[in-house]
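> Have a look at this one.
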Amino acid sequence: MGDSESVNQDHGRNTFLSRVFGLQPDDITTSIRTGDMSRYPLNAYSGGSEMFSGSPTSSRIDDDDDDDEGRVPESDQQSSSGDNSDDIKANDDVIEDVELTDGNGDNYTNSKMINTNYSIFGSLRKVGQQSSDEEDDGSLSNEEEDIDEEDEIDEIDADEPLFVNSTSQRKQKRKSSVNFKNGSEMSSLLFQRILNKKDSKSNGEASNKMFTSSNQGNHNYKYRNGHDLEGGVHFNKKEGRRNSLFGSHEAGGHKSHNSAPSKGPNLLKNISILNNTPSNKVYTLSPKERALWKWANVENLDVFLQEVYKYYLGSGFSCIVLRKLLNLTTLIFVVYISTYLGYCIDYSKLPTSSRLSDIIIDQCYTTRITGITKGLLWVFYVFVGLKVVQFYFDLQNLTDMHNFYNYLLGISDNELQTIPWQNIIQQLMYLKDQNALTANVVEVKAKNKIDPLVVANRIMRKDNYLIALYNENILDLSLPIPFYKESILTKTLEWNINLCIIGFAFNESGFIKQSFLKKSQHQFITEELRKRFMLAGFLNIILSPFLVTYFVLLYFLRYFNEFKTSPGTIGARQYTPMAEWTFREFNELYHIFQKRLGLSTVIADKYINQFPKESTDLILKFISFISGSFVAVLMSLTLLDSENFLNFEVTKDRSVLFYITVFGAIWSVCRNSISDEYKVYDPDETIKELSEFTHYLPKEWEGKHHTEDVKQEFCKLYNIRLIILLRELASLVLTPFILWFSLPACSDRIVDFFSDSSTYIDGLGYVCKYATFGINQANAQKVKGGKRHQDMKMNTNNFSNEVINESDEDVLDSDSDSEIDSNDKMMRSYMYFMEDYENSENAIGKNQLPRKKYKDPSLTNPSLNTDYSWRKQFQPGQRPELFRIGKHALQVPTNVRNLGKKSTLNSENPYDNSSNLGESFINPTIMPDRDLGRNGVNGGKKEAGMLRMVKDYYKTSDIGR
C-alpha cells in the first residue's frame, strides 16, 4: 500500500504498544513485526477511531483528554478503620491535564485529535480499588450495554487481525461489523479482549516473538534514528558521540576521571522463554533469564528500588553477606563473653592462682546457670535461630539482586564500590527504555516514570515525611518534668517513633494509608496512635533491663580500647540524631548526606576550638601537672628496682602499675584537651564555611556567630561523643516516660501533619509535598481534610512558578514559622538536588572525594586535595540558568504575621561573598536535562541580577532557617 497507509499503521501500533507494555515508540519499530501481532483483532478499533488514519503530521492533544490518563492507584488498598462509607468520593470531578510523553520528555504526535470520551490507554485498576474513571467521573455509564456490545464484538472479530494491510480490507471489515455509537466505546473493549486472549494457545507463537529484536534491524535502526536498542544508549551519527545522563562524551576523546563507562544494560536478545514461565518455575531459568523475569514481574517498585539502593550501599553481594555474618557473630560473642565471665570464673581464686585453668568452673552452663538466666538464654538461642533463617532468605534475595546488577545493569560487585549512584540511575533509565514489560500492568505506568527525582521519592517516601516531621517541631520529645522542656532525641527514641508513627501510617506495601487522609477518620486514627505510644512505652519498660545490659557491654567492648590507646578521643564530638534530621535535605539519599556530614566535622571542630576557654585550660594544666608528677615519681622508682617495685602495693590490692596507668591516662586526656595558644579567630567566616556542608545557618544567629550563645546552641547539635553515648544508655530507661506522657499529646498534630503534607502524584502515589519540589504537579491532587482537590495550574517551564503556586496558598493561610521554614527548605533541597545530579563533578563513588581543578591542562598527574578547598561541591552551582527562580520568589505575602522576622530579602547580608558569582565552583558545564521535568533556559533571557539576589538569600543568610 501507500506510504501514508504504512505510516499510519506503524504509528498506531507504536502508540498502542507503548502504552500497554511501557515500550517507547523508537524501541517498538524494530522489536515487533506486523506478522507477530496478526492474531489480535482490531476491527472495532480500526472502524471507530481516528488514531490510525490521516496524514502523519504533528498535532496536539486536547485539554479534554483528562480521562485518557487514568490515575495509577499507588496507595493503600484498604482502610485500617474498616469504615468504607467515608471513602474519598469518586465524583469530585477532578480534571487532570495530561500530556503523553515517551519517557524522555518528548510529546507523542498523532495524526489527528484524539477522541477524548474514553480511551484504552487508561491505567488498569488494582484489586479492591476504584479505577481512575470511576473516581473522577463517578462511574462508567451504560455498563450493561457495554457488556452486551463487547460480547457481540468478540463473536464478529474473533479472527480479525490487529493491523489490516490495506484500506479496502479495513472498509470491508467495517461494513461487516456492528455499528457503535462512537469510536471511543469500541476502543475501550480492545484491551480487555487482548488480556483475555493472551494465554490462549493460538497466540502462543506470536507472544513468544513479541519482544524479539533482530541484530540487523537494530543495526539499521541505530544509524537511521540514532538509538541503539540493544546497547541502551543514543548514538549521534554526525558528532560521533554517545549521550549520557550527564551530557555527551566524545568518541575517542578524553574521558572524565570520575565517570564510569556509559554502557547499556545487557539484555537478552531473545526473551521468548520468559513469556510463559510461571512463578513456581522461575528457578529453572538461567541467572540471566531469572533476573529479567524478576524485573519484568516487579509488583512493588518502591520495595524494588529500595533493595537496589541497599545493595549499592552495601557494596555488593560479598560485602553485604560478610557484614550480616559479622553482626550476628558480634551478637553471639557479646552474650557469650558476658555469661562466661559472670558464671564460669571463680574470682575468689584469682589472687592465689597463676593459671587460667585454676579459676575456670567446669560445666558452668549446666550447674551455675539456672532459673531465669537459663530461660533467657534459651530465648536468645531461638532468636539466633530465627536470624539464621532470615539470613537464608536474605541470601536468596541478595542473589537475585546480584544477578540484576550483573546481567541487566552490567555492573559487577567490584565496580559497585567505586561507581557513582548517578550511573546506577542512568542504567535503570536505559533498562526502562529497552524493556518495561511487566506482569502487573499498573506498574507499567510507574516504570515509565523512572528518573532521579522519582527514584529518590520512592526510596525516601518515608524518610521525607520524617524530615518534615522533625523540622516542623511537631513532636514533643521532652521529659514530663516541670520547667524542663529540652528535646532529647536518641537512637532508641528514634526507633520507637519509626515503629509507632511510620509503621502505623504506612501499609505493608509502603504506601500511606487512606485513613490518615480522611477527616472522618481523624478522631479514630488519633486514638489508635495514642494507644500505640502507650503500648510501645510498656514494651520498653519490659525490655529496658536487657537492652541496658547489652548496650553497656557493647559500648564497653567497642570503645574501651579506643579510649585506652588514644585518650584524647574522649573529647571527640559527633552530630546528634536531631542534628542529622535537621541538616538532611528532602530527597537526599543516605550516602550523599553521610559524606556531606562527615566532611563537615573538621570545620565544626575548627569553629568550636576558636573560642577561648582560659579558665578551663588553667584547670586542665593543673590536673595534667599533678598527674604527670605522680607518673614521673613512680616511673623513676620503677627504674631503680623494676622487678619488685611494679608489684608493690601502694594501696590495698592496687599496685604501682595500676596507678601509673591511671595517672598516665589522666595526663594524656588533659594535655590533649588544652587549646592551642595561638590560632586564627574568625568565627563568622568559619561558620559560613561550615554551613556549606551542613546547610544550616539560622537567621537568629546572624551577627552573633562570635558569641558564646551561638556556640552553645551549635554544641547541642555537635556534642561530645561520650555524652551522646551516656544519653543513649539513659534513654533506654527514660524513653518509656516520653512515650507515655509527651508523645500521646502530639497525636492530633501528627495526624494533621500527614493529611496536610501529603500530595498525590500520578504514577507515584502519595508523597510528602515538600519532596516533589513543585515539579510537574499539574496532575497532583492535594489531600485536605480527607478530600482531593485540584492544585492550581502551574507553569512547568519555571520552577519558581511551580513552587510558589503550590505553596503560597498554604503560606497565606498559615501563621506558623515552621510552614515558612519547610517551604524554604524545599527550595533549598531542590537546588542541592540538581547540583548532585546535574554536576558531573559530583558523579563519584560513595566513598570518594572529587579531584582538584586545574586550569592548566598540561598537569596530567595532580595530587589529591586534602585541605577541603573542594567544599564548594556541596554549594549549589552559581550558573543562573540552573535554577528557575524568578521574580515571584521576591513577592512577600502581606497578610502573614511576623514574616519580616524571617525574611531578609530586602536587607544586605554583611557576610555576602558574591564577588565570584557567575560560574559554578565545581563544574560550569550545563548538562542536558533528562526526565526531570525541566525545559530550556527561560527562552534565552538574562535574569542574572534577580536570580543572584535570590540565590545569595538561600545560600548565605537563610541557610537552614
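Placement of Cβ uses the backbone N, Cα and C atoms for every residue, glycine included.
Heads up, here are the entries from Swiss-Prot:
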TOPO_DOM  1-324  topological domain 'Cytoplasmic'
REGION    1-91  region 'Disordered'
REGION    126-180  region 'Disordered'
COMPBIAS  132-160  compositional bias 'Acidic residues'
REGION    198-225  region 'Disordered'
COMPBIAS  203-219  compositional bias 'Polar residues'
REGION    244-265  region 'Disordered'
TRANSMEM  325-345  transmembrane segment
TOPO_DOM  346-374  topological domain 'Lumenal'
TRANSMEM  375-395  transmembrane segment
TOPO_DOM  396-536  topological domain 'Cytoplasmic'
INTRAMEM  537-557  intramembrane segment
TOPO_DOM  558-617  topological domain 'Cytoplasmic'
TRANSMEM  618-638  transmembrane segment
TOPO_DOM  639-654  topological domain 'Lumenal'
TRANSMEM  655-675  transmembrane segment
TOPO_DOM  676-721  topological domain 'Cytoplasmic'
INTRAMEM  722-742  intramembrane segment
TOPO_DOM  743-961  topological domain 'Cytoplasmic'
COMPBIAS  900-918  compositional bias 'Polar residues'
REGION    900-940  region 'Disordered'
> Give residue numbers and ranges for long-range contacts of the transmembrane segment (375-395): same chain, 6 or more residues beyond its ends, CB-CB under 8 A.
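For the transmembrane segment (375-395), the far contacts come to 321, 324-325, 328, 331-332, 335, 339, 369, 546.
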> Same chain only, please: residues at least 6 beyond the ends of the topological domain 'Lumenal' (346-374) with a C-beta under 8 Å from a C-beta of the stretch. Say none if there are none.
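Contacts with the topological domain 'Lumenal' (346-374): 339-340.
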> I need to check the long-range neighbours of the topological domain 'Lumenal' (639-654): which residues 6 or more away from its ends have a CB within less than 8 Å of a CB in the stretch?
none
> Averaged over the whole of the topological domain 'Cytoplasmic' (676-721), what is the pLDDT?
88
> Per DSSP, what is the residue tally for the topological domain 'Cytoplasmic' (558-617) in helix, strand and coil?
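Its residues fall into 43 helix, 3 strand, 14 coil.
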> Report the DSSP secondary-structure composition of the topological domain 'Lumenal' (346-374) as helix, strand and coil residue counts.
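Secondary-structure composition of the topological domain 'Lumenal' (346-374): 14 helix, 1 strand, 14 coil.
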